[in-house]
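Quick notes on the structure that follows.
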Amino acid sequence: MQLPINEAFSGIFGSISLASWIFLIVPQLWENFRNQSAEGLSTLFLLIWLLGDICNLIGAVWARLLPTVVALGIYFCLVDFIMLAQLIYYNHYRSRKRYRLLRTRRTDHAAPGPADPLLPDTEDSRPAKHPAPGRRDSLSEAFSDDQSPKEAIRNAISVFLVLFVGTAGWFIAWRTGAWGPQGDIPDTEAPSGALVLGYASSFFYLTARLPQIYTNAKRKSCNGLSILFFILSTVGNLTYGASILSFSLEKNYLLKNTPWLLGSIGTLAQDFVIFGQFVYYRRPQIDHRG
């Protein structure tokens, strides 16, 4: 059977979106592991995102949407649970363990004997150097400036690989018969319950990033966040919407998919706000005090 060009584009875009969401979790998980902390992530952001993904999955199955939409919905939920588990581990379990360890060390060093030096030259006694969230010392600033071009190149290569893997994955699935034409679109309306869930997921998606934007502004920093995480999120949302729109522009089809289009394309403006925060807070902060 000959493959219509619109279905080919829909399949390719859907496959790229799936690849984006598969790899999206890796840079943020690595960032958390490298910092041994997930303080950069807003817990409320992840919780609202999870609610949106649950509504999205149930609504997509109920409305009998494209298989790529359902597959993405399942993976979205899996990613959310993994990231929440890591956040709970680092921000709650590890932080309490670290607090108990520091408390024990302070107790051990609380009462020095007469022979102990007043200013012991040990690693534990030296004050830790933790620059304020909005400021950096000259050494770290120089390191950051030196790394920015390398980071940009790594991010560009990562996006290219996602596009390549997504396109190649669809082509292999098509040639092996694992993916085939969807046929004509049934001229039926989506169940009311599915549409309600779809619009609920859109609402959650459109509001999920607001706590993260607020957290960044409050900390005056995007430290602890991976910019590649949000770049791949943008690529995933763009291609997710494109996979729906390229399949058909028929009225009933578009009405049926409107909630999912809003939830994907509608979040792009907030992603660009976060990109702006990355750029703004990365600049050297000038102290205007006399």
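Glycine residues also receive a Cβ, built from the backbone N, Cα and C atoms like all the rest.
Annotation comment: TrEMBL describes 12-30, 42-63, 69-90, 152-173, 193-210, 222-240, 260-281 as transmembrane segment. As annotated by TrEMBL, region 'Disordered' applies to 108-147. The annotation compositional bias 'Low complexity' is assigned in TrEMBL to 110-120.
When Cβ distances are compared across the two stretches, the transmembrane segment (193-210) makes no contact with the transmembrane segment (69-90), since fewer than 3 pairs at least 6 residues apart fall below 8 angstroms.
Most Cβ pairs within less than 8 Å of the transmembrane segment (260-281), among stretches 42-63, 69-90, 152-173, 222-240, belong to 222-240. Among the stretches 12-30, 42-63, 69-90, 152-173, the one making the largest number of Cβ pairs under 8 Å with the transmembrane segment (222-240) is 12-30.
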